[in-house]
Amino acid sequence: MADYKDSLNLPDTAFPMRGDLPKREPQWVAQWQEKKLYQRIREICAGRPRFTLHDGPPYANGDIHIGHAVNKVLKDIIVRSKTLSGFDAPYVPGWDCHGLPIEHQIEKLHGKAIPADKVRELSRAYAAEQVERQKKDFIRLGVLGDWGNPYLTMNFSAEAGEIRALGKILEQGYLYQGLKPVNWCLDCGSALAEAEVEYEDKNSPAIDVAFEVHENHTAKLAAAFGLTHLRGPAFAVIWTTTPWTLPANEAVSVHPDLTYDLIETEKGALILVRELAEAALKRYGLEGTVAGSCTGDKLDQMLLKHPFQNRDVAIICGTHVTTEAGTGLVHTAPAHGVDDYNIGKKYGLPVNNPVGNDGKFISTTPALSVGELAGKTVWEANPQVLQELEARARLLKNERIQHSYPHCWRHKTPIIFRATTQWFIGMENKKNEDASTLRWIAERAVDETQFFPAWGRARLEGMMKTRPDWCVSRQRNWGVPIPFFLHKETGQPHPRTAELIEQVALRVEKSGIEAWFSLDAAELLGAEADQYVKMKDTLDVWFDSGTTHWHVMRGSHAADHTYPADLYLEGSDQHRGWFQSSLLSGCAIDGRAPYKGLLTHGFVVDGKGHKMSKSKGNVIAPQQVSDKMGADILRLWTASTDYSGELTISDEILKRVVEGYRRIRNTLRFLLANVSDFDAATDMLPIDQWLEIDRYALALTRELQDGCRADFDKYEFHRVVQALQTFCSEDLGGFYLDILKDRLYTTAPKSVARRSAQSALWHITQAFVRLLAPITAFTAEEVWQVLTGKADDSVMFQVWHDLPALAGEGDLLAKWALIRTARADVTKALEAQREAGKIGSALQAAVEIHCGGEKYEALASLGDDLKFVFICSSTVAVRDDNEQVIATPLEHAKCERCWHVREDVGANTEHPTLCGRCVSNLYGEGEVRGCA
């Protein structure tokens, strides 16, 4: 008996079924570096419209974590998709290199006693080492970029650029020096920016303290409450969770419009806001009678006695007072709170700060009767202050509460508000009297920015409305200096500061920040040097990264950027970090945001929605995923997850991603295997010669490509992945490719029927591999090499595939949608026959499908080809308004070659095991297919 297996056009490809990604991907990385893929893409894209995604620099300290990986992969997806969209989309990665975490690492390694210049030298070397470690991991993820020439905020050009940016902001009138309360970390020994503060729960004392009304003001107080006199002493009661700030108290604030009651109790008359009075009395275990009431404005300027210092303080009015908790009267220490400072400024209160840089009370702090405060930390002072209040009978209640409290983001320790002389970028400052405030300019810039997702707008708007002035000075060594010479008597910057800044910048450009720290003032000031002191403060690291639009985009890497950038992309925490610092510096320098759009992604959590931490043992490191499963799996997971919320990852989730990847890979393998003997230059058929189902597949591919391109442009990558996976499983694997196998394998190799199928498959593969390229970068490159056979080529040298035009595409899609509905009905009927044991496969059945209307017309138009669509040996459409599918077993012989069960099997005596169409395909003119 003849063996006809060799007569089939069986699929053949060098593209392996198993991806073996952990092994193959590093080889691709090496190949890309060897052939300078990124540089070649730049050459090919030269002259195209520019798209600028400006990289927010990760901090150069420690290995990258899964959040870093998500961030870089999202950026790479955008850069790749924009390149395929016909843009020139360079990507210059950057690193944030100055700041306290690195300085702390140096102190850990070398001790705290090392001199400042040595700290800077060691910090620079440490940061460079960290950059190389992180760079290697980012490259392993398949991220394309100018890795040989990244921007580093510690590059001399960047350091000089930051100094020039500061000069510009000073020039515009937004920079000022002031004694104000700022976030202060006792462990850092430095001021913190808003972005360096995070809120955690803290257990604190919550105390109610009585401030006695001064005897000279009791009559005035009685009158305010509509009384002729007071029966005894009266007290204004405050509530606070920071007893240590009471030595710095300068006033008690009330709300001018709220109603306050004077309540007579056994401990004297207490002034409490009406809304909180009942709860307060209950807290004190007291009963009382309301003697009188008045609004807060009637109490303005009443004198009180400080609870333990021999001085008087006044009641003042402020709209910051609320009825959320406490007593409705607020202890006011201008040195230890922003609201306190602002209201104190209005009333001309002194800014009395008794706390030093180390968080300890200074030597001149007045002693308490129970002991000295001087030399004690603020936390040590708390119990002592409570003891003093108790001794003076001024403590009405002392309890512990759990509440949200600001912590240093590095040390995870509670911070304090502490007034120090710092440099600020003023939100209410103006360039000149006729100009708008920086806050107004920033709010307008937010309004002009596009947000992905849209909710980011409200978040940044809210922050701009309420944020305080930006404290940009730090008391550290490893940072860009604030290069001002301050007059020894007035404290004012030198009148030639703008000119001096440029001279310093030129020196820093050559030698780095050490040029300032080692500078002799006389070199720039001459004889004036004796009258000035050189500042030692450094700039907030958020100023470093926040001004990259100036010193990178329009400085060191201007050729690779356009200003403003099209997009900034970072995690949701950067609304209060890089997005905000960039916005403020951009508005201060240029009067606009340095970006047109902001994209925000959520944080990565484990499968149960918990934050990842080493202590919980739920950390998934990107390096482990790449080494075990492959970077393309991590990239596919990133793209398939809706980043607008939290991104959930677990071993189980990654397993599902692997399964999805395998389906895609198997589809790609089928496509490649069936075009391996197809040369588009010589074998491509004109579209009017294609079979109808092939034209339909092309229409589906165009729908896919148009939809994916739109989703790429909207940065909705999870929708792209959904569409690609649906196309693979339903349109291709579950329909088109299943139907196509018979035609591909059994018709003559060069027949119109087979070439039509291959023409469609070639276009599908060309489009599909490009749509995958931004996401599964390594796999797409592997497919491209097999598809083109050109080792020196790359899918990233291309643009989206130009699919051939197709007339009547809408009608075709509608018609085949009906056919697919009918096919689903047929499949159910065949499954019932299979379950009943009447057939083994669909090819052993004959099908009658009864239907009417458009469905019948669609099915009948396929004629004898209908059986190929249903993968049956015999199918007929019957016009009948009573829809039904009748499937019956066939009794004929099965063709050994095509497996169809046909009456004409054996009709040709020379080939007794073949059906008529196989004989024709092998030895005759070949069967004619019209539709499928």
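Yeah, the Cβs are placed from backbone N, Cα and C, and that goes for glycine too.
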Range annotated as motif ''KMSKS' region' - as stated in Swiss-Prot, picked from 611-615, 701-705, 851-855: 611-615
Looking at 14-24, 58-68, 399-409, 443-453, I want to know which stretch Swiss-Prot calls motif ''HIGH' region'. 58-68
Measure from the Cβ of CYS918 (Zn(2+) binding site) and count the other Cβ atoms within 10 Å, all protein chains considered. 28
Least buried by Cβ count (within 10 Å) of the binding-site residues GLU570, CYS895: GLU570
Under a three-state DSSP reduction, the secondary structure at CYS895 (Zn(2+) binding site) is coil
Cβ within 8 Å of the Zn(2+) site's Cβ centroid: which residues qualify beyond CYS895, CYS898, CYS915, CYS918? THR746, GLU896, ARG897, TRP899, HIS900, ARG902, VAL905, LEU914, GLY916, ARG917, VAL919
What number of additional C-beta atoms lies within 10 angstroms of the C-beta atom of CYS915 (Zn(2+) binding site)? 28
At a 10 Å cut-off from the C-beta of CYS898 (Zn(2+) binding site), count the other C-beta atoms across all protein chains. 22
For the motif ''KMSKS' region' (611-615), would you mind checking the mean pLDDT of the predicted model? 84
Summed over the motif ''KMSKS' region' (611-615), the DSSP helix, strand and coil counts are 0 helix, 1 strand, 4 coil
